[in-house]
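See below for the structure under consideration.
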Amino acid sequence: MERLLHMTFRNKKIHLNVGTIGHFSHGKTTLTAAITAVLAGIGYTQPKQNDAIDSTSEEKARNMSIYVHHVEYETAARHYSHLDCPGHVNYINNMITGVSQMDGAILVVSAVDGPMAQTKEHILLAKLLGISSILVFINKEDELDDQEVLPMLIQNMRQILIYYGFPGHTSPILCGSALLALEAMNENPNFNRGKNKWVDKISSLIDHLDLYLPTPRRKLNKPFLMPIERVILIPSFGLVGTGTIEKGHINIGESVEIVGFKDTQHSKVISLKMFNKTLEQAIAGDDIGIFLEGTNKNNFQKGMVIAKPNTIQSWNHFEAQIYILRREEGGRRSPFFQGYCPQFYFRTIQITGRMESFEYEIGGKTWMVMPGEKIKAIIQLIFPIALKKKMRFVIREGGFTIGVGIILELIKIKN
């Protein structure tokens, strides 16, 4: 909600969307808070405590992250929107939504527990969703009884990154204690390098964010498109959609379309917000809130997209190239057949679809697909959503990621 207050803003620094991923209870939210505390000590941002990040009553009651939370901070070189993702397997759909908006990720791994199930699945999902750069932060270093474990853990993490297609030999892997760094900054909010080793380790992580994550190439000249991540009701203001602009740019007063689920809706941009600040224009990569004319809870929902008029349509039938993960990759153990109905993840939406026919690139049609196979498939979703050719998606079933695909053709269903 902080993104929806008032202040004129024009960002002059390079903007990146980064986030924390990793297994449940390994310290992602604490690390997010520690980063803001250290940067606040330098004078670049406002500090955020854990309970201000996991801010919903449900999260406070359960003492765990459930939703993706957005935190703003700046370094000397860059402006960041930080997406703190849930690590529990039950909320993997929210994690996918967060990662789909990131330019790079910080993988948090407990030094005590080492890499766990969601550590590996989050690395896999980051790769499938197009993340090319991951930094690793081995947290809870202070809780280790034997410091000689660290070199072995670091080497293990490098091998895991390589297995999933990341440059593990060169990926930065840093160690520290987010909790002790946060406690030190709460006790003395002024940052002084060399005064506290745990604070210095967070400072080093921040430096690596600036140095290691490449500047993203934004699609500024493409038609405007923003997937809706959340819809928030602001009292005396109305419904505000939040999300990250995928491509193009948008100005206050411009006409847009709301596409997905039902008939396309026409609207106009009333207000643009980025965290605490009002924008006149927002561009690709910006993490914003947008207030549109004439919206209600029926025509303005998570999973829809806001787009330049006449540039995207809703579809529920398409042909896709699909790879089904092997068991060793975390995928299925057994084949599936025509009529299989898993969950498909596109941008910010999770939707059930039916796989109606299968065909090998060489070898013709088949009625059964084995783990490890690459096929073409016709898929019908249970309702239409905004789709385009060459869009990537993730397939999940029963709590496991089982495949990845790319849309080849969009199909109109004949009446």
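Numbers here mean position along the shown chain, with the first residue as 1.
Just so it is clear, glycine is given a Cβ too, placed from its N, Cα and C backbone atoms.
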Listed range which Swiss-Prot flags as region 'G2', given the options 63-67, 88-92, 208-212:
63-67
Among 84-87, 316-319, 352-355, find the range that Swiss-Prot records as region 'G3'.
84-87
How far is it from HIS88 (GTP binding site) to THR29 (Mg(2+) binding site), counting Cα to Cα, in Å?
13
Distance between GLY22 (GTP binding site) and THR29 (Mg(2+) binding site) at the Cα atoms, whole Å?
11
For the region 'G2' (63-67), what's the mean pLDDT in this predicted model?
70
Tell me whether GLY22 (GTP binding site) sits in a helix, a strand or coil according to DSSP.
coil
For the region 'G4' (139-142), jot down how many residues DSSP puts in helix, in strand and in coil.
2 helix, 1 strand, 1 coil
Fewest other Cβ atoms within 10 Å: which of the binding-site residues LYS28, HIS88 wins that one? Let me know.
HIS88
